[in-house]
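First comes the structure, then the notes that go with it.
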Amino acid sequence: MNNSTNSSNSGLALTSPYKTFEVVFIVLVAGSLSLVTIIGNILVMVSIKVNRHLQTVNNYFLFSLACADLIIGVFSMNLYTLYTVIGYWPLGPVVCDLWLALDYVVSNASVMNLLIISFDRYFCVTKPLTYPVKRTTKMAGMMIAAAWVLSFILWAPAILFWQFIVGVRTVEDGECYIQFFSNAAVTFGTAIAAFYLPVIIMTVLYWHISRASKSRIKKDKKEPVANQEPVSPSLVQGRIVKPNNNNMPGSDEALEHNKIQNGKAPRDAVTENCVQGEEKESSNDSTSVSAVASNMRDDEITQDENTVSTSLGHSKDENSKQTCIKIVTKTQKSDSCTPANTTVELVGSSGQNGDEKQNIVARKIVKMTKQPAKKKPPPSREKKVTRTILAILLAFIITWAPYNVMVLINTFCAPCIPNTVWTIGYWLCYINSTINPACYALCNATFKKTFKHLLMCHYKNIGATR
């Protein structure tokens, strides 16, 4: 943001410009917005924490954005409401500078997080074979930390120490604004750097994302689907682990992965799904043989370039003799970050030995790989991510644009912006923090369901909500 108050407010009388009923109305509306902002962003953070299906790299960026929005809801909204209804700043220059530093650092961090989300999605769509291998949780954490540190360095020192740099504090008593914004050129420059430039970058990135997605959809419709070559049982290299207390996993992630190669070796670049590939896998405690096809990119599987991976694991039930096999078919030519996979669950009888089980595993794999790939539409999860990003960007532009337009006008004509209009424009920037959680819920069914479970105190199986 830029300019905490309209520079034309100099000499403002230390009395409230509003009548009593207006003050009550402003406090009720502002207080409600603050409360909704706090609750909404806490829901986002808790949802990502408790639901493993939301623990993805993309959602970690949303978690960081929710942290920034939460701080705005707790501090910025309420202090600005106080400043507005009283008509002057009653907390002194030190608290004023601390509030401004916090407000601008957090607001800039929000913009930086939006840029990160846009770049992340852009690289996922345009570099599906090279970017995913770099797209790790550690990398995401470093990018998020860099966004916050850079925002702090850009704003906090200048806001807190500018008066000492120039040798005098020019902000009048009873007012609270950034001192170096008295310079019109600086105000204009910061508005460009803090809003207009990021908006241009994000708009261009989203245009490329949309164009790449549409291009892939057209390609999918035109290209015929090649049937998969059957996998010979002799190529199946698996090891059945006897179910005992030592190797029974205590969590859903404990699976052994043994690969069956058909054609070329898999490329490391497609080991992670840019959309929701970080979701954890779980074995099913079923009592019958079942095959669940979840091929999200079957139409891109080629005849001579595919990799079939099997995952062998056991049920958590100590008395179970089940064997769970997961077949993941990954394509080398796919321009999507989403690998195809087929999950097969095999239940062995208690009398079967290891060789018999292995033969059954081989036959089941051969049977599944003989099936021709079916034409599927583009992954719905990919659409969810893209739709969520679009909603967030639109909300950001719509809520921040009025204020930043007024900033430029105020640079050349300070009396042209009425104080009430200025206050509304400034508040719209804050309302963006209220809208963001609603964008997640409306565009992502998993977020919506998790929100509902949390609000209704339905905690059973909340970690597996999809």
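The count begins at 1 with the first shown residue.
Each residue, glycine too, has its Cβ placed from N, Cα and C.
Membrane topology taken from Swiss-Prot puts ASN59 and THR81 on opposing sides. Only one of CYS96, CYS124 is recorded by Swiss-Prot as the disulfide partner of CYS176: CYS96. Partner cysteine of CYS416, as given in Swiss-Prot, is CYS413 (from among CYS413, CYS429, disulfide bond). Between ASN6, ASN284, Swiss-Prot assigns N-linked glycosylation site to ASN6; no such entry appears for the others, which is not proof they lack it. For the transmembrane segment (98-119), the partner stretch with the most Cβ pairs below 8 Å, chosen from 23-45, 140-162, 185-209, 388-410, 419-442, is 140-162.
Pairs of Cβ atoms less than 8 Å apart link the transmembrane segment (185-209) most often to 388-410, out of 23-45, 388-410, 419-442.
Taking each of the modified residues THR450, THR465 in turn and counting other Cβ atoms within 10 Å of its Cβ gives the largest count for THR450.
For CYS416 (disulfide bond), applying a Cβ distance below 8 Å and a minimum sequence separation of six or more within one chain yields ILE409, ASN410.
Its own atom aside, the Cβ of CYS413 (disulfide bond) has 10 Cβ atoms within 10 angstroms in the protein chains shown. Residues 5, 12-18, 23, 26-27, 30-31, 34, 159-160, 169, 171, 174-176, 423 of the same chain lie 6 or more positions beyond the ends of the topological domain 'Extracellular' (81-97) yet place their CB under 8 Å from a CB of it. Regional average pLDDT for the topological domain 'Extracellular' (411-418) in the model is 83.
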